[in-house]
Amino acid sequence: MSAAQPIFSKGENCKQVWHDANADYNAADTHLEIMGKPVMERWETPYMHSLATVAASKGGRVLEIGFGMAIAATKVESFPIEEHWIIECNDGVFQRLQEWAKSQPHKVVPLKGLWEEVAPTLPDNHFDGILYDTYPLSEETWHTHQFNFIKAHAHRMLKPGGVLTYCNLTSWGELLKNKYDNIDKMFQETQVPHLLEAGFKKEKISTTLMDISPPSECKYYSFNKMITPTIIKE
């Protein structure tokens with residue numbers, strides 16, 4: 001495998017066809033690919049659990065954007081929450097979500113569509129926790145799609161005292177390969193300015209690090225640490 005092959009080619013955009021594209025879960029259920037893109041891999045589990053723990057830390061009503069392999073979602077369900085709303089746009093993944101929802105301990109509200117379509121229909125001050133982990137759908141938004149959601153919706157949809165956590169591993173893996181060797185510095189320089197623009201306060205943004213060992217064949221992440229943000233709305 002050529003390590004130099006970028007995840008997105010210049011100008012590439014999958015958005016129009018993503019919802020109909022096959023969700024390719026491998027037989028062992030350790031990898032999910034859509035349109036040949038490495039969307040989710042089972043080795044991410046400890047990190048996904050870290051994000052889920054933050055998102056569910058206030059209890060109440062949790063919104064998750066992106067269902068993937070249900071790694072974070074299943075962890076969210078293990079906490080004493082009340083409702084679990086999940087936005088997912090891919091048909092095959094959404095079918096999995098509907099099936100999974102039937103056996104969960106808390107009320108699950110599956111919402112089908114791109115977050116750009118669904119989020120505007122959701123009310124202000126509605127969620128105690130939000131976990132945003134979706135796959136970038138174009139080269140143009142590869143490094144920035146999370147900020148579009150956070151600025152337009154995350155801040156307004158959180159209740160005061162509510163918590164946001166998120167990741168963009170496809171972006172961060174690239175930044176840590178080519179631009180940064182310090183994950184804290186990467187987060188402070190490339191993420192925090194956008195969070196402040198969205199209306200969050202610097203003193204309400206904290207992060208924790210964890211050691212991780214991505215498999216050598218992983219196409220999107222090779223750094224030995226991951227970072228979990230905790231962002232509280234005042």
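Including glycine, each Cβ sits where the backbone N, Cα and C put it.
Worth saying up front: this structure is predicted, and the values here are computed from it rather than measured.
For the S-adenosyl-L-methionine site, Swiss-Prot lists Trp18, Met48, Phe67, Gly68, Met69, Ala70, Ile71, Ala72, Glu88, Cys89, Asn90, Trp115, Glu116; matching the candidates Asp128, Asp133, Asp181, Asp184 against that entry yields Asp133. Annotation: Met40 carries the greatest number of neighbouring Cβ atoms among the binding-site residues Met40, Ile71, Leu169 [cut-off 10 Å, Cβ to Cβ]. Across the structure, Thr170 (guanidinoacetate binding site) and Asn90 (S-adenosyl-L-methionine binding site) are spaced 18 Å apart at their Cα atoms. If you take the CA of Asp133 (guanidinoacetate binding site) and look 10 A around it, the binding-site residues you hit from Phe67, Met69, Ile71, Asn90, Glu116 are Phe67. Taking only the Cα positions, the spacing between Glu116 (S-adenosyl-L-methionine binding site) and Met40 (guanidinoacetate binding site) is 21 angstrom.
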